[in-house]
């Protein structure tokens, strides 16, 4: 198999014609455009193909050009291999979708999987469209935002870009209304602001766009951030899901610990109060018992029976009574549960 290698000094790379090698042996490299993939006519653009695999060569391919492949020797720096494909003057013929591949020296016909596609577009060729926000450039957080791109030129497609994003949204132009062709881009509920631009293009030249519209700054009130997070870049406000799970788990543990401490404290308080009440009840019972013994002693009723009442004897005159005093016999009878004491004198 013969290969025809043609040196192209104006762009600093080689053009390789021949059979397409077998691909997919190594993992895909990455393809970037500097200063960007939207390039004005006659400007310089550099397409950089790089990988952490130490490729000896890099190949650049443009879709639709099956017989042409651009090849460069890779440079190795800090564990990365790369090659810069420089296009000094961008023209309409060089615009299109590019991919790059990597290969090693010992198997030049076995290349890596292709990189993700990169569209190189020439802008500034046609009249610029107009970009507006249906609710105005300042909206409340949560309101639905719709941006309208319109022009009197009969563009078939409109492209909406936002600063910081690598890819654009695109929508076909609607029917002509009031002399303009328009496309409405719904962005959904507003959470962050951003700067937007739109372009117009035709079906027969999808890589040739109009001039950029005037920039439109969309501001969202009620939100401290003024920039919309890019879908390809992580947001610092969103945070790492793992860290978020750790934060939620820690919060749950703290709440459970507080509840457990509260329940334990309440249980100990109830137990202490119950012990104090038992001691007070025992003291009250002892005090009541002592008061009962002091205030209500068992009264013993003594009854002194006077047998004079129950015996009959002869009453003598005082002069006839003996001079020695009589001896009275006193009999005490203990009457249980008596409330008073009575004394009955018994006479002999």
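Cβ from N, Cα, C; glycine included.
Feature annotations, reproduced from Swiss-Prot:
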type     : residues : note
DISULFID : 49-100   : disulfide bond
DISULFID : 149-198  : disulfide bond
DOMAIN   : 42-107   : domain 'Ig-like C2-type 1'
DOMAIN   : 142-205  : domain 'Ig-like C2-type 2'
CARBOHYD : 67       : N-linked glycosylation site
CARBOHYD : 84       : N-linked glycosylation site
CARBOHYD : 144      : N-linked glycosylation site
CARBOHYD : 178      : N-linked glycosylation site
REGION   : 220-239  : region 'Disordered'
SIGNAL   : 1-21     : signal peptide
TOPO_DOM : 22-245   : topological domain 'Extracellular'
TOPO_DOM : 265-348  : topological domain 'Cytoplasmic'
TRANSMEM : 246-264  : transmembrane segment
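The CA atom of residue 100 (disulfide bond) is located 40 Å away from the CA atom of residue 144 (N-linked glycosylation site). Fewest Cβ neighbours within 10 Å among the glycosylation sites 84, 144, 178: this applies to 178.
Within the domain 'Ig-like C2-type 2' (142-205), the DSSP-based counts of helix, strand and coil residues read 0 helix, 39 strand, 25 coil. Taking the C-alpha positions, the distance from residue 84 (N-linked glycosylation site) to residue 198 (disulfide bond) comes to 30 Å. For the pair residue 149 (disulfide bond) and residue 49 (disulfide bond), the C-alpha distance works out to 34 angstrom. The Cβ of residue 198 (disulfide bond) lies under 8 Å from the Cβ of 129, 131, 147, 149, 158, 159, 160, 161, 212, 213, each of which sits 6+ residues away along the same chain.
Rounded to a whole number, the C-alpha distance linking residue 49 (disulfide bond) with residue 178 (N-linked glycosylation site) is 47 angstrom. With DSSP classes pooled into helix, strand and coil, the tally for the domain 'Ig-like C2-type 1' (42-107) is 0 helix, 39 strand, 27 coil. Cβ contacts within 10 Å of residue 100 (disulfide bond), excluding its own Cβ and spanning all protein chains shown: 29.
Across the topological domain 'Extracellular' (22-245), the model assigns an average pLDDT of 87.
Other C-beta atoms found within 10 angstroms of the C-beta of residue 49 (disulfide bond) number 27, with every protein chain shown included. On the backbone, the CA of residue 144 (N-linked glycosylation site) and the CA of residue 178 (N-linked glycosylation site) stand 25 Å apart.
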